[in-house]
Amino acid sequence: MTIIVGIDPGSRVTGYGIIRQQGRHLTYLGSGCIRTVVDDMPTRLKLIYAGVSEIITQFRPDCMAIEQVFMAKNPDSALKLGQARGVAIVAGVNQDLPVFEYAARLVKQTVVGTGAADKKQVQHMVRSLLKLSASPQADAADALAIAITHCHFNQSLLRTSAAKVNPLAGRLR
(Lines of atoms letter the chains of each structure in order from A and count residues from 1; the text may use other names and numbers.)
(Lines give C-alpha, C1' and ligand atoms only; values in the text may rest on other atoms or scores of the structure.)
Protein backbone atom coordinates (compact mmCIF):
# COMPACT_ATOMS: atom_id res chain seq x y z
CA MET A 1 0.00 0.00 0.00
CA THR A 2 1.38 3.40 -1.03
CA ILE A 3 0.07 6.91 -0.35
CA ILE A 4 0.93 9.48 -3.02
CA VAL A 5 0.56 13.24 -2.85
CA GLY A 6 0.22 14.86 -6.26
CA ILE A 7 1.10 18.53 -6.64
CA ASP A 8 0.03 20.90 -9.42
CA PRO A 9 2.22 23.93 -8.62
CA GLY A 10 1.21 27.52 -9.22
CA SER A 11 2.23 30.85 -7.72
CA ARG A 12 -1.41 31.84 -7.03
CA VAL A 13 -3.11 28.43 -6.77
CA THR A 14 -1.32 25.16 -5.99
CA GLY A 15 -3.47 22.07 -6.32
CA TYR A 16 -2.91 18.96 -4.25
CA GLY A 17 -4.40 15.49 -4.32
CA ILE A 18 -3.79 12.46 -2.13
CA ILE A 19 -4.55 8.90 -3.17
CA ARG A 20 -3.74 5.45 -1.83
CA GLN A 21 -2.60 2.73 -4.20
CA GLN A 22 -3.09 -0.91 -3.29
CA GLY A 23 -2.10 -2.99 -6.28
CA ARG A 24 -4.24 -1.68 -9.13
CA HIS A 25 -6.86 -0.22 -6.78
CA LEU A 26 -6.82 3.56 -6.16
CA THR A 27 -8.58 5.22 -3.22
CA TYR A 28 -9.22 8.96 -2.96
CA LEU A 29 -8.02 10.38 0.37
CA GLY A 30 -8.32 14.13 -0.18
CA SER A 31 -7.65 17.10 -2.42
CA GLY A 32 -7.85 20.87 -2.52
CA CYS A 33 -6.03 24.06 -3.34
CA ILE A 34 -3.54 26.25 -1.56
CA ARG A 35 -4.52 29.80 -2.50
CA THR A 36 -2.10 32.69 -2.07
CA VAL A 37 -3.96 35.99 -2.07
CA VAL A 38 -1.01 38.24 -1.25
CA ASP A 39 0.92 40.11 -3.92
CA ASP A 40 4.54 39.78 -2.84
CA MET A 41 6.23 36.65 -4.14
CA PRO A 42 8.29 35.75 -1.05
CA THR A 43 5.11 35.59 1.07
CA ARG A 44 3.35 33.50 -1.59
CA LEU A 45 6.26 31.04 -1.61
CA LYS A 46 6.18 30.85 2.19
CA LEU A 47 2.43 30.08 2.10
CA ILE A 48 2.92 27.35 -0.53
CA TYR A 49 5.74 25.78 1.48
CA ALA A 50 3.68 25.87 4.69
CA GLY A 51 0.58 24.50 2.95
CA VAL A 52 2.39 21.59 1.29
CA SER A 53 4.26 20.82 4.54
CA GLU A 54 0.96 20.72 6.45
CA ILE A 55 -0.61 18.36 3.89
CA ILE A 56 2.40 16.03 4.12
CA THR A 57 2.23 16.06 7.93
CA GLN A 58 -1.51 15.34 7.88
CA PHE A 59 -1.59 12.54 5.28
CA ARG A 60 1.91 11.02 5.70
CA PRO A 61 2.41 10.11 2.02
CA ASP A 62 5.15 7.74 0.89
CA CYS A 63 6.12 9.91 -2.08
CA MET A 64 5.36 13.10 -3.99
CA ALA A 65 4.51 13.38 -7.69
CA ILE A 66 4.74 16.86 -9.19
CA GLU A 67 4.24 18.40 -12.60
CA GLN A 68 7.38 19.37 -14.50
CA VAL A 69 7.86 22.96 -15.62
CA PHE A 70 6.75 23.64 -19.17
CA MET A 71 7.86 26.56 -21.31
CA ALA A 72 5.33 29.34 -20.88
CA LYS A 73 4.92 32.15 -23.38
CA ASN A 74 5.66 34.65 -20.62
CA PRO A 75 9.15 34.18 -19.10
CA ASP A 76 8.07 35.90 -15.86
CA SER A 77 5.25 33.36 -15.44
CA ALA A 78 7.65 30.47 -16.03
CA LEU A 79 10.02 31.80 -13.36
CA LYS A 80 7.21 32.20 -10.82
CA LEU A 81 5.95 28.71 -11.59
CA GLY A 82 9.47 27.34 -11.14
CA GLN A 83 9.76 29.05 -7.77
CA ALA A 84 6.39 27.68 -6.59
CA ARG A 85 7.40 24.24 -7.79
CA GLY A 86 10.74 24.54 -6.00
CA VAL A 87 9.26 25.32 -2.59
CA ALA A 88 6.76 22.45 -2.97
CA ILE A 89 9.63 20.06 -3.76
CA VAL A 90 11.65 21.35 -0.79
CA ALA A 91 8.62 20.81 1.48
CA GLY A 92 8.58 17.17 0.37
CA VAL A 93 12.33 16.62 0.52
CA ASN A 94 12.49 18.18 4.00
CA GLN A 95 10.13 15.43 5.15
CA ASP A 96 12.22 12.74 3.41
CA LEU A 97 9.78 12.10 0.56
CA PRO A 98 11.08 10.85 -2.77
CA VAL A 99 9.88 13.24 -5.49
CA PHE A 100 8.86 12.12 -8.99
CA GLU A 101 8.26 14.53 -11.88
CA TYR A 102 5.85 14.13 -14.80
CA ALA A 103 5.29 16.29 -17.87
CA ALA A 104 1.78 17.74 -18.25
CA ARG A 105 1.29 16.07 -21.64
CA LEU A 106 2.23 12.68 -20.18
CA VAL A 107 -0.25 13.16 -17.32
CA LYS A 108 -3.05 14.01 -19.76
CA GLN A 109 -2.10 11.10 -22.03
CA THR A 110 -2.10 8.68 -19.09
CA VAL A 111 -5.37 9.83 -17.50
CA VAL A 112 -7.45 10.93 -20.51
CA GLY A 113 -5.80 9.15 -23.43
CA THR A 114 -4.61 12.27 -25.25
CA GLY A 115 -1.83 14.71 -24.37
CA ALA A 116 -3.98 17.56 -25.71
CA ALA A 117 -6.83 17.05 -23.19
CA ASP A 118 -8.43 20.12 -21.64
CA LYS A 119 -9.11 20.74 -17.94
CA LYS A 120 -12.74 19.55 -18.14
CA GLN A 121 -11.65 16.22 -19.65
CA VAL A 122 -9.06 15.74 -16.90
CA GLN A 123 -11.66 16.55 -14.23
CA HIS A 124 -14.13 14.09 -15.75
CA MET A 125 -11.62 11.23 -15.94
CA VAL A 126 -10.28 11.85 -12.42
CA ARG A 127 -13.86 11.77 -11.13
CA SER A 128 -14.48 8.51 -12.99
CA LEU A 129 -11.20 6.78 -12.08
CA LEU A 130 -11.49 7.63 -8.38
CA LYS A 131 -15.28 7.08 -8.28
CA LEU A 132 -15.98 10.56 -6.88
CA SER A 133 -19.51 11.92 -6.52
CA ALA A 134 -18.47 15.29 -8.01
CA SER A 135 -15.60 16.63 -10.09
CA PRO A 136 -12.80 18.18 -8.04
CA GLN A 137 -11.67 21.77 -8.65
CA ALA A 138 -9.51 22.07 -11.76
CA ASP A 139 -6.17 22.48 -9.95
CA ALA A 140 -6.99 19.69 -7.48
CA ALA A 141 -8.05 17.43 -10.38
CA ASP A 142 -4.71 18.12 -12.09
CA ALA A 143 -2.88 17.17 -8.87
CA LEU A 144 -4.91 13.97 -8.57
CA ALA A 145 -4.14 13.20 -12.23
CA ILE A 146 -0.42 13.61 -11.48
CA ALA A 147 -0.74 11.16 -8.56
CA ILE A 148 -2.68 8.71 -10.76
CA THR A 149 0.05 8.96 -13.39
CA HIS A 150 2.66 8.12 -10.77
CA CYS A 151 0.62 5.06 -9.74
CA HIS A 152 0.45 3.94 -13.36
CA PHE A 153 4.20 4.22 -13.86
CA ASN A 154 4.95 2.86 -10.39
CA GLN A 155 2.96 -0.30 -11.24
CA SER A 156 4.94 -0.63 -14.48
CA LEU A 157 8.22 -0.25 -12.60
CA LEU A 158 7.15 -2.82 -10.00
CA ARG A 159 6.31 -5.34 -12.74
CA THR A 160 9.63 -4.67 -14.47
CA SER A 161 11.57 -4.99 -11.19
CA ALA A 162 9.78 -8.23 -10.29
CA ALA A 163 10.63 -9.69 -13.69
CA LYS A 164 14.30 -8.78 -13.23
CA VAL A 165 14.63 -10.45 -9.83
CA ASN A 166 12.35 -13.41 -10.52
CA PRO A 167 14.56 -16.44 -11.23
CA LEU A 168 11.83 -17.94 -13.42
CA ALA A 169 11.47 -14.81 -15.53
CA GLY A 170 14.25 -15.88 -17.88
CA ARG A 171 12.50 -19.19 -18.50
CA LEU A 172 9.16 -17.68 -19.46
CA ARG A 173 8.50 -17.48 -23.19
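Heads up, the Cβ atoms here are built off N, Cα and C, so glycines get one too.
According to Swiss-Prot:
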type	residues	note
BINDING	D8, D139	Mg(2+) 1 binding site
ACT_SITE	D8	active site
BINDING	E67	Mg(2+) 2 binding site
ACT_SITE	E67	active site
ACT_SITE	D139	active site
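There are 27 other CB atoms within 10 A of the CB of D8 (Mg(2+) 1 binding site), with all protein chains counted. The DSSP secondary structure for D139 (Mg(2+) 1 binding site) is helix. In this structure, D8 (Mg(2+) 1 binding site) is part of a beta strand by DSSP. Cα-Cα distance from the residue listed as 'Mg(2+) 2 binding site' to D8 (Mg(2+) 1 binding site): 6 Å (rounded to the nearest whole number).
In this structure, E67 (Mg(2+) 2 binding site) is part of a beta strand by DSSP.
The Cβ neighbour count for E67 (Mg(2+) 2 binding site), using a 10 Å radius and every protein chain shown, is 25.
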